[in-house]
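Taken from TrEMBL, the feature signal peptide applies to 1-21. Here TrEMBL flags 90-109, 116-137, 165-187, 199-220, 226-246, 258-277, 297-325, 346-371, 411-430, 450-468 as transmembrane segment.
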Amino acid sequence: MALAALSLHCYYPLLSSAAAAASLPASTRAPVLQRTRGGPRPRRRLQRCFCSQQYAESQSSGSQQQQLERLFSNLNQATMKHEPGSVTSAIFLVAGTTVGAGILAIPAVTQEAGFLASAVTCIFCWIYMVVTGLLVAEVNVNTMCELGSGGVSLVSMAMRTLGTFGVRTACISYLFIHYALLVAYVARSSEIITNSLGVPLWESATLFSLAFGGLCYFGSQRVIGAVNGFLVFSILASFMALVVVASGNLHWSSLLEANFAAAPQSIPIIALSFVYQNVVPVLCTNLEGDLSKVRKAIVVGTAIPLALFLIWDAVILGTIPGLAGDGTIVDPLEQLRSSNGTVGPIVEAFSFLAIGTSYIGFVLGLSDFIADLLKLPSGQNKPLPYLVTLVPPLVLSLLDPEIFFKALDFAGTYGVLVLFGVFPAAMSWSERYLDDLEAPVPPIVPGGKFTLAFVMGGALLVIFSEIFKDIMQLQGLH
């Protein structure tokens with residue numbers, strides 16, 4: 001895929017000399033371990049390997065190769081130069097993917113709880129989603145070790161750890177979430193473009209899909225990282241402008257309002273707002289299986305959206321006091337727009353930029369997933385996965401332009417907590433505690449079975465609570 005450079009995989013054991021390492025053929029793939037079914041085997045730590053920073057130069061000059069703890073080296077096959085993924089670009093990718101359309105819905109779903117209660121809920125959801133992302137990274141790197149290949153998506157991870165039933169459930173959930181959110185993003189962005197330029201809706205939707213989809217397909221890792229970084233900085237600039245304009249009428253006392261009983265109902269949308277786990281396999285490939293870098297990218301990359309969410313919620317709810325616990329259903333953002341004419345254009349700019357960065361991350365994640373599903377070679381851009389990724393959301397958004405909030409609600413309630421709540425813990429449990437699997441990478445999430453049970457149980461509790469609430473609402477209608 002676009003972010004993943006063509007790779008020279010380097011799964012060789014620690015060698016006694018650089019010359020011995022250089023003598024190994026570049027095309028060889030030697031898995032560190034093999035999956036076993038015959039009984040328990042001793043677990044082994046991930047072995048170190050020799051990977052050259054500039055393979056071609058070391059071959060010609062015989063210079064000393066640098067020993068690095070990574071699974072493989074990302075090589076540009078045109079220049080034969082080592083192109084390791086940048087941690088900064090990885091942080092921007094996580095932050096850009098996380099800051100999406102969900103932030104626009106946060107004030108509406110947290111208004112009844114009030115800022116104080118919603119802030120506690122938001123921090124809890126952030127910690128939860130960081131843990132699940134680290135679990136995905138842990139399983140992904142272990143799967144790369146076993147399969148001897150980078151670019152491993154959730155399909156291969158689920159097949160290795162949960163079997164056929166896990167793969168089918170993961171595929172359905174993954175496709176549902178990504179297509180639902182991509183439909184929402186195209187619908188909202190095309191509405192913004194149409195309102196700004198006055199072009200027909202189908203033209204604006206097509207323009208947005210071609211521009212950002214073309215960037216994902218044709219852009220190199222550095223180009224996508226640079227564009228994503230620019231968009232993230234633009235988001236921060238527009239966000240600060242919005243905060244400055246909107247905070248003029250901020251009532252500080254209203255920030256202390258809290259209705260903790262109403263806080264749980266906002267969890268699905270807040271959890272949706274923290275979705276980034278779909279790009280974790282991309283991070284693991286770009287950062288060459290270095291879990292310390294992946295951990296830093298996840299924690300820092302999600303901490304930026306957390307700060308934005310808290311400030312955003314404080315400004316919106318603090319400007320319109322008295323919402324907590326009064327049972328009134330309003331849209332605080334619409335109220336703010338109507339009371340301040342300057343806010344409208346800034347909100348539109350912020351919304352478009354936030355959707356653009358998130359769209360990039362979801363296109364990259366879904367196209368990689370589809371490529372893995374179709375068993376296409378990793379590290380190569382093929383048009384079919386991108387066509388399957390881009391065309392259906394474009395068509396669906398044109399069929400129902402009002403689908404934005406419907407898609408967000410469904411994806412957050414019945415998709416995110418299944419795929420990025422239950423599944424990471426279930427895969428990690430299978431990998432850590434079943435005898436027929438080996439985990440060469442030590443666990444990066446502490447707490448053992450208690451943590452994994454808490455992650456799975458918390459997600460299932462919210463899911464069944466939402467199902468029960470929906471059933472009661474349907475019965476009330478009749």
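Quick reminder: no glycine exception, Cβ is built from N, Cα and C everywhere.
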Hey, would you say the transmembrane segment (90-109) packs against the transmembrane segment (226-246), going by three or more CB pairs under 8 A that are 6+ residues apart? yes
What else in the chain is close to the transmembrane segment (411-430), if you only count residues 6 or more beyond its ends and a Cβ gap under 8 Å? 102, 128-129, 132-133, 135-136, 138-139, 154, 157-158, 161-162, 166, 169-170, 173-174, 176-177, 180-181, 184, 268-269, 271-272, 275, 277-278, 437, 443, 445, 449, 451-453, 455-456, 458-460, 462-463, 466
Taking residues 6+ outside the transmembrane segment (226-246), which of them lie with a CB under 8 Å of any CB in it? 88-89, 92-93, 95-96, 99, 215, 219, 304, 308, 311-312, 315-316, 319, 336, 340, 342-343, 346-347, 349-350, 353-354, 356-357, 360
Long-range environment of the transmembrane segment (116-137) - Cβ separation under 8 angstroms, sequence gap at least 6: 106, 110, 154, 157, 255-260, 262-264, 266-267, 270-271, 274-277, 280-281, 283-284, 291, 294-295, 298-299, 302-303, 306, 309-310, 313-314, 317, 324, 420-421, 424-425, 427-428, 444-445, 451-452, 455, 458
